[in-house]
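> After the structure tokens below, expect a handful of questions from me.
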2 protein chains.
Amino acid sequence: MKKKTYEGYTYVDGGVCAAKGFVANGINCGLNSDKNKNDLGMVYSSTVCNAAAVYTQNKVKGAPILVTKEHLKATGGKAMAVVVNSKNANTCNADGVEKAERICELAADALGIDADMIINASTGVIGQIIPIEPFEEHMKELAGGLSADGNDKAANAIMTTDTVDKQVAVEFILGGKTCRLGGMAKGSGMIHPNMATTLNFITTDVAISADMIQKALSEIVKITYNCLSIDGDTSTNDTLSVMANGLAGNEEIVTENDDYAIFKKALYIVMECMTMMLASDGEGASKMLECTVSGAPDQDTAIIVAKSIIRSPLTKCAMFGEDANWGRILCAIGYAEADFDIDKVDVDLESEKGIVEVCRNGSGIPFSEEKASEVLSEDDIYINVNLNQGEASAKAWGCDLTYDYVKINGDYRS
Amino acid sequence: MKKKTYEGYTYVDGGVCAAKGFVANGINCGLNSDKNKNDLGMVYSSTVCNAAAVYTQNKVKGAPILVTKEHLKATGGKAMAVVVNSKNANTCNADGVEKAERICELAADALGIDADMIINASTGVIGQIIPIEPFEEHMKELAGGLSADGNDKAANAIMTTDTVDKQVAVEFILGGKTCRLGGMAKGSGMIHPNMATTLNFITTDVAISADMIQKALSEIVKITYNCLSIDGDTSTNDTLSVMANGLAGNEEIVTENDDYAIFKKALYIVMECMTMMLASDGEGASKMLECTVSGAPDQDTAIIVAKSIIRSPLTKCAMFGEDANWGRILCAIGYAEADFDIDKVDVDLESEKGIVEVCRNGSGIPFSEEKASEVLSEDDIYINVNLNQGEASAKAWGCDLTYDYVKINGDYRS
């Protein structure tokens, strides 16, 4: 997947540890029988952070979400650490909340902080009782190993069916100070976010109030993660948190000023990039799909149409087969639940190999199948739709539907 | 797939020819290069029929739908014949309506009737110009071969990626007369109906007004075809028509009397059975899934929850893997867009091998994995959900998601 370039923002290494003052670690505590795979991760800032989060809108919510919400409410948007495990979602268990609270207490003890300073998250199989012993036995080891280059270990700990870890960070100037914002994400299947997605943890050294983080986060999640669909299944454990410790030394952002715009753009870049990483590594994916809908009467219509295309199993299969079967794209545009005139729609298929125009004014036009096959042979495919009835636009991301998706999910639990 | 039994209704052979006075035929006219596969079908009643139809709600509509709507409007709900082709959907073509009208004229000429007495439908690839020559050259042959046992040939003509044809008919007593109602359906992929589905043609010798057919059809389509999802893609060409020629000799049904109730039940049985046939033969399907949601506050909630489960790719993959991963079912219940309390939900998995209780009050309960594997080894799987917060219920149907779905759709056009 090719990262996009944005003027004034430079990609840097380090993920959640890229920003000043953040340390991380990841270990295998025994939830995962593969000792080479981490299953417990931690991110920590010794300086108290302003924090905000968004969560799944699924009625079934993982117990960690209920506990994290309570913590952020109790502290008025403050946090110092994330503790997160994979392999077990701690969801649909009668004792889930009790266990999540216990995990936070263990982490708080190991760090010498209050339990309500902890953001907790879990991912994995739904509906299996989570054993507490691995946490009791390994939490001190986890906290003891925190380091400024522990981001890889933490990113590994949150992976489930992911084939690669997802980390990104950018450096930028804000209020005369060099700032950084970075994060890590997991997710591969059960991805069709609604107000949040998968597990994502973002850290920054920018000084900004919790309210302003929440505002930026809510706006950007709508046009990044919420425009991602791997399979149409909205997870029960989606959590995305942002922690800002202020160590960059800029004047704290408390209004929508120029500094806020710079911060918001950094957040957008990191979230867009992680969205694309998640799409590229969708379960079984061989191709990343980015659909841009322009010429829409309003942004919501553009989003609805773009997501409808990205979600269409038949379109996804056609992309896997490198088949320019654009009728399926038009079909998915046609059943999108929005109000627009289908007879004005243009569709192009694009990749690094070029552009093929396949549909004008809702009807097919002659095109070279040879050229189309060449364009669709690339790993990153761009589906460009112009509704030709307005000025608004939006993007959505996803991946092709392959044999491997079925293979991975035909027997996930074993 | 096991047909359900209903007292007072007996399954009979004959499909669209089961009812008195209906003849049918199917031929290969050259749209399909496989000469052993029919691609053009016809159903005809020499007695004028009262008729009604429902169509796709996709904004992209096949040209035949536009033409058929005009015809039924012009005649005030009368029809004598269906002419239908596979291999080309005649959709997203600039000259589509003109071609569909020409096809109706050719059929009308061959039958010696008015063109507006024709119901036209097409299915196949979207966005390819439909050649008119095969229709011009073969329409007389098609009409000349109409016979009272031509239902198999017609049912073959509408198949696309279907592996078996779908025909069903029932016999019943209404107003002291022996009546029949039967039909044929096609459809395998691009099935997620919204107010109609796929191609379905139903015939009956019951005497009933067009208005009363439309009323029964609209009510039943909501709880049968519209509760079917193979892949979440709503087709552009969905058409379901009912033709009633009155040859059974009953007093014409013009109000909601007892005879109407008997007719409506016959229509339900045939439509439910064809829905299940479509689900069983969903593209790549190895299992038919029937989800029953009971204890709902209202029917719409029950339908929304049942369809959410049936559509979930992760649930579908788990069924393919014969894996009792019920957390995915609860996840799909949780993101259903309806208002209810998730903490009261019970889930059972059932087949001819027995029942396994997997979830009570929204949380997992211990169950035998061995027993679950045995239950899920069957071809027809029943997912039973009780919301425990009302009296309403509904069913939805679908199939598992398999390697073959991807294979079939990775390169459908070639």
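Backbone N, Cα and C atoms are what each Cβ position is placed from, and that goes for glycine too.
Under the heading active site, nucleophile, TrEMBL lists B:Thr197. Look at TrEMBL and you will find B:Thr160, B:Lys186, B:Thr197, B:Glu283, B:Asn409, B:Ser414 tagged as substrate binding site.
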> If you draw a 10 Å sphere on the Cβ of B:Thr160 (substrate binding site), how many other Cβ atoms land inside?
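By my count, 22.
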> Among the binding-site residues (B:Thr160, B:Lys186, B:Glu283, B:Asn409), which are close to chain A, meaning C-beta separation under 8 angstroms?
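So the ones by chain A are B:Asn409.
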> Please report the three-state DSSP label of B:Asn409 (substrate binding site).
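Note: B:Asn409 (substrate binding site) is helical by DSSP.
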> Just counting, how many other CB atoms are there within 10 A of the CB of B:Asn409 (substrate binding site)?
27
> If you skip the near sequence neighbours and keep only those at least six away, which residues in the chain come within under 8 angstroms of B:Lys186 (substrate binding site), Cβ to Cβ?
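B:Lys186 (substrate binding site) has long-range Cβ partners B:Ser86, B:Thr123, B:Ala155, B:Ile158, B:Met159, B:Thr160, B:Asp162, B:Asp165, B:Lys166, B:Thr198, B:Leu199, B:Asn200.
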> Can you count the other CB atoms that lie within 10 A of the CB of B:Glu283 (substrate binding site)?
28
